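Below you'll find the structure, written out as structure tokens, and then a few comments.
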Amino acid sequence: MSDLFSFNKEKKNKLVDNNYSAKDIEVLEGLEPVRKRPGMYIGGTDSNAMHHLVSEVLDNAMDEAVAGFASIITITMHHDHSITIFDNGRGIPIDNHPKFPDKSALEVILTTLHSGGKFSNNVYHTAGGLHGVGISVVNALSKHLEIKVYKQGKLYSQSYSKGEKLTDLICEEASKRLRGTSINFTPDPEIFSEKLHFNPKKIYELARSKAYLYRGVTIEWACEVEVQSDIPKKALISFPNGLKDYLSSKITLDNLVIPGIFAGNIESKSDRIKLEWAICWQNNDSSAFVQSYCNTVPTPQGGTHEQGLKSAILRGLKAYGEMIGNKKAANLTIEDILETASVVLSIFIAEPSFQGQTKEKLVSNGVSKPVENIIKDHFDHFLSSDKALATNLLEHVISIAEFRISKKNEKNISRKNATQKLRLPGKLADCTRTSPEGTELFIVEGDSAGGSAKQARNRETQAVLPLWGKVLNVASSTLEKIVNNQAIQDLEIALACGSLKNYKKENLRYEKIIIMTDADVDGAHIASLLMTFFFLRMPKLVEEGHLYLAKPPLYRLTQSNKTYYAGDEEEKAKLMDKLLKASKAKIEVGRFKGLGEMMPAQLKETTMHPEKRSLLKVTLADFQNVDKIVDDLMGKKPEKRFQFIYEQALVKMDKIISELDI
């Protein structure tokens, strides 16, 4: 290691004698740069990057549809893990290119970066794609790619491998009714891991989102791959109501603050923009999200179009509050308004500018103001058309703002007035006992589970805190994020014992802190995040034995009017075997989707009653190294998690081998 920092005479001579000349300049031709540095073009070589290839080909097909040249797109996932995407548009040009007279335009597009029809407004007024490098990048990173173009009764086809041409352009006779472009490709395992394959669910959801974004297209879906999910083998995907249909499928309509969805679909020729949006507000943030798109391309990091929408909504609600004389509206922030909102925004513009090759953020100038003006006009009309609706919405977001302000100002909260001052979503349902001895706080996720738990509890000794907001991974977050996270703030205020060096055992308001999450994988994930919080922010609380995990059942088994419960698949199998040995009567098996699905009586009997439940006490054998252990498992470095999993797998494998009777 020290040799790295030594500077001896020999090395000095090498530096002096070393000739840095033209021959040292490496020139990568054609698609070589893509294969050598794929991360520069698709953001990496992981599963997300590999799925960018599908997005690019699908974006090209959608461009044909949005331009009015295609109405049908087919997506087929094959047994061999390749994928075919077809659109019935004009078909990629096959005549020779003026700049490259010995090559067809098709070959130029597939083998040359920054080529295509998207650079000319005469061809596409709006277009997506990876800055014009997309289809050539797909070709470069594919083990095999076959393209077929149907034009004027002819079929033109050509094959490629790793960006290199395998065959010349072949022309055959075809039906004159056929037209369009078909691309079949398989990602190159030399670039991506051999274990990586396309995820049918991810691609199906991508196809649905594209169909929502453009009402004039029908996507024909076919999946030959065996999947263990609710993804259909075949489907016709079409949504005549666009984003309104999309939002309706994502939310619970009976949980809305105000009835209906604020939606619009406007084309402004003066601003050269086509805009569609759909927004609703729910009573909690369980389905809160903001999704935006530009020219059907998702922009997960937002951008100027999102800025315009947010300004419109904020200005609109503040103006309405001022109009009706509600001075509290002046304190609103956009975070208050979007806290429980579900938002989808889509725009079509000419020559969009994105940040980065993978287009995750729109940075086009001149977009924010037109979007703001259009949505503001419609939002003002939406609010003024129904006074009761507008007032309910305003009061809802003001209550969120007041909660935010109160959390900032409050430092000491007693049990007596905790519920009133905290204004926790779903309310902190506190116990009536004033001393902490014998009391329990159940931490649950969301109002649904919280509602069942509140009815099932013993009101004297058991309190229920539904966490409102996303549970943060404390191990990989900055101090600023931790301090500002809503769920963590709610929890620290309810416990009242302080954290880190400020932890005071005597101020802890409950004897037992019980994490009660769903019995499935998602519930285990939330529980692990909460344990991470306690290990890193309140290690003394864990060391003193206050932290527990509840064990709710995952399955309900009914036989001959008797009900039994099982916590997991293994326990269910053993229980069924036992029941069938005792009786041949039919067993009905039900799976709980979550705590909120359980009746209060069931939740009390299985999970909350002190004499009938099972609790797991959370502890660590090595408290001195807790920071390192948690950082290895929950921190920013995935290689440490991989090492842990690998070591545990070896232990498990050794055990299995030792038990084999060979």
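Glycine is no exception: its Cβ is also placed from the backbone N, Cα and C atoms.
Here Swiss-Prot flags TYR20, ASN60, ASP87, GLY129, LEU130, HIS131, GLY132, VAL133, GLY134, ILE135, LYS359 as ATP binding site. As annotated by Swiss-Prot, domain 'Toprim' applies to 439-553. Taken from Swiss-Prot, the feature Mg(2+) 1 binding site applies to GLU445, ASP518, supported by sequence analysis. Annotation comment: Swiss-Prot describes LYS470, ASN473, HIS525, ARG641 as site 'Interaction with DNA'. According to Swiss-Prot, the feature Mg(2+) 2 binding site maps to ASP518, ASP520.
For the binding-site residues shown (ASP87, GLU445, ASP518, ASP520), fewest C-beta neighbours within 10 angstroms: ASP520. A 10 Å cutoff on Cβ-Cβ distances gives ASN473 (site 'Interaction with DNA') a total of 17 other Cβ atoms nearby, all chains included. Using Cα positions, the member of the binding-site residues LYS359, GLU445, ASP520 nearest to ASN473 (site 'Interaction with DNA') is identified as GLU445. Over the domain 'Toprim' (439-553), the average per-residue pLDDT in this prediction is 85. Counting residues of the domain 'Toprim' (439-553) by DSSP class, helix then strand then coil, yields 58 helix, 20 strand, 37 coil. The distance from the Cα of ASP87 (ATP binding site) to the Cα of ASP520 (Mg(2+) 2 binding site) comes to 40 Å. Most Cβ neighbours within 10 Å among the recorded positions LYS359, HIS525: this distinction goes to LYS359. Taking CA atoms as the reference points, GLY134 (ATP binding site) and ASP518 (Mg(2+) 1 binding site) are 42 Å apart. Nearest neighbour of LYS359 (ATP binding site) by Cα distance, taken over the recorded positions GLU445, ASP518, ASP520, HIS525: HIS525.
Taking only the Cα positions, the spacing between ASP520 (Mg(2+) 2 binding site) and GLU445 (Mg(2+) 1 binding site) is 13 angstrom. All protein chains considered, the CB of GLY134 (ATP binding site) has 26 other CB atoms within 10 Å. Comparing GLU445 (Mg(2+) 1 binding site) with HIS525 (site 'Interaction with DNA'), their Cα atoms are 12 Å apart once rounded.
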